[in-house]
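Copied over from TrEMBL, here are the features:
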BINDING   A:68, A:71, A:165, A:199  [4Fe-4S] cluster 1 binding site
BINDING   A:236, A:239, A:264, A:270  [4Fe-4S] cluster 2 binding site
BINDING   A:279, A:298, A:301  [3Fe-4S] cluster binding site
DOMAIN    A:68-212  domain 'NADH:ubiquinone oxidoreductase-like 20kDa subunit'
DOMAIN    A:231-308  domain 'Cytochrome-c3 hydrogenase C-terminal'
REGION    A:350-370  region 'Disordered'
């Protein structure tokens, strides 16, 4: 945590990394990793390196609202010694609840000072959703989340909504949404917002997005505001278990022969086919694995409303409501209506029979005789 | 409403509404047909109506030579798309899961590429019967808007399902949502269009066969 007074000479990122003992080789390796994870051509690596080296350390203010600190945990638990962490060190993280040493007034003072000094230039990172029902549900230093977000967003160059809570409301917004939680983009409309969803997001993706912002500006976003470089493909598209899906081989339970053989987890509720994230390629824990590799289906955590997606262990195609019961009620209603209509049909039939007038032979003869 | 909200809506309330209309309509129409009843026939039966009815159910799967030669396209392509629809609707893993969730029991599925191939053949067959209907003067004359509605609500779920599986045009979430929505439209119009023949076809075959069987006539 950096709390130094304004420095007339601001070192570039490259200079800062070298002062931290990062070799040129290590730095280029990181740039290469970044380029491949953003699906950029290898020719772009020197450009990324050059741009990153020249980048001035931007002031970053990190606001945590209704969150579980999982996003920060994810970032700090990135494999060590981590270049991602160092790049993060190389930005001027002027305010972050969990990571800052300062507390109380001093902490708030640091935030206010950074906002004033870098007005219009700082990057605002938000994790956690914002409660709208009652401002008292979540406050920092007596300031409601809504007020703090509005104030901090006013001077931000861009906002990065880290985690599904900040990006789409996440767990706090899950039905019945007791706090009236909303996402950053529900409140802030006049600033560029980059959503980096995930519960938590992959550390490499968080730092990758920040690096992209430093080097090339705003990344290209999809319809849900996510950088296409990391969220461009579904988990299903890149899943190593995809061949089993194609062959129609599914694990039926978590301990059957199919599960042991590593078959597709679709029937066990895997949300991979409708979830966009980089887990299947970037993986977690220093590239060790990702949930599907450990035998659990994707829960779709980088998608809006994933908590209310119909159950983590129900296949995507399954309707979310109580359809069986509904069908029985419908059949009962159908029978009731059928009985009513049947009775009406019988009645009109009986009426037709009773109003039927017979003709006698005499009457017929009369008519023919006249 | 974003893609996920849309998908949740079609999987939740929209599906429940569609299923309710489908089930209520289905039961209502079957009940109405059956409750109409027939006058008791006091004539001495000359044969077993049940035997005649059951025989007719199976006999009409086949066709006589003259009819076959006259309506070859209708019969062959008709069979192709009916079998295709059966395979696609009942034997795709994702669909079996839906039936399991609604009815409480499931059955084995075919591998996805096999079902995928059936879906393609079925779509081609449906396009062929539509072209045939439009080009054949008698068929075109006999076709009502209901016939085209029934064709469309059958074809669109196939197409959207195929596109959702192959990630074509739209995002898979959006396409899956559209696919489920198109099935819901199918469910809603089902009991009130000629699609109802799915449930009445064997009933009417049996009825015809039984009335002939009672008279001791081989239908």
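Quick reminder: no glycine exception, Cβ is built from N, Cα and C everywhere.
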Mapped onto three states, the DSSP assignment of residue A:236 ([4Fe-4S] cluster 2 binding site) reads helix
Close in space but at least six residues away in sequence, with Cβ under 8 Å from that of residue A:236 ([4Fe-4S] cluster 2 binding site), the same-chain residues are A:242, A:245, A:272, A:273, A:274, A:275
Of A:239, A:264, A:270, A:279, A:298, A:301, the binding-site residues lying within 10 angstroms (C-alpha) of residue A:199 ([4Fe-4S] cluster 1 binding site) are A:301
Here the binding-site residues are A:239, A:279, A:298, A:301, and the Cα closest to that of residue A:68 ([4Fe-4S] cluster 1 binding site) is found at A:301
Cα of residue A:71 ([4Fe-4S] cluster 1 binding site) to Cα of residue A:279 ([3Fe-4S] cluster binding site), in Å and rounded, measures 15
Close in space but at least six residues away in sequence, with Cβ under 8 Å from that of residue A:239 ([4Fe-4S] cluster 2 binding site), the same-chain residues are A:245, A:272, A:280, A:292
When pLDDT is averaged across the domain 'Cytochrome-c3 hydrogenase C-terminal' (A:231-308), the result is 91
Taking DSSP H, G, I as helix and E, B as strand, the region 'Disordered' (A:350-370) contains 14 helix, 0 strand, 7 coil
If we take the Cα of residue A:298 ([3Fe-4S] cluster binding site) and draw a 10 Å sphere, the binding-site residues of A:165, A:264, A:270 inside it are A:270
Across all protein chains shown, the binding-site residues A:68, A:165, A:279 give the max Cβ-within-10 Å count at A:165
Nearest to residue A:279 ([3Fe-4S] cluster binding site) by C-alpha distance, among the binding-site residues A:165, A:264, A:270, is A:270
Judged by other C-beta atoms within 10 Å of its C-beta, the most isolated of the binding-site residues A:199, A:264, A:270, A:298, A:301 is A:199
DSSP, reduced to three states, assigns residue A:264 ([4Fe-4S] cluster 2 binding site) to strand
Residue A:264 ([4Fe-4S] cluster 2 binding site) to residue A:301 ([3Fe-4S] cluster binding site), Cα to Cα, whole Å, comes out at 19
Residues sitting within 8 A of the centre of the A:68, A:71, A:165, A:199 CB atoms ([4Fe-4S] cluster 1 site), not counting those, run A:67, A:69, A:70, A:127, A:128, A:163, A:164, A:166, A:170, A:171, A:200
Quick note, residue A:301 ([3Fe-4S] cluster binding site) and residue A:165 ([4Fe-4S] cluster 1 binding site): C-alpha atoms separated, nearest Å, by 10
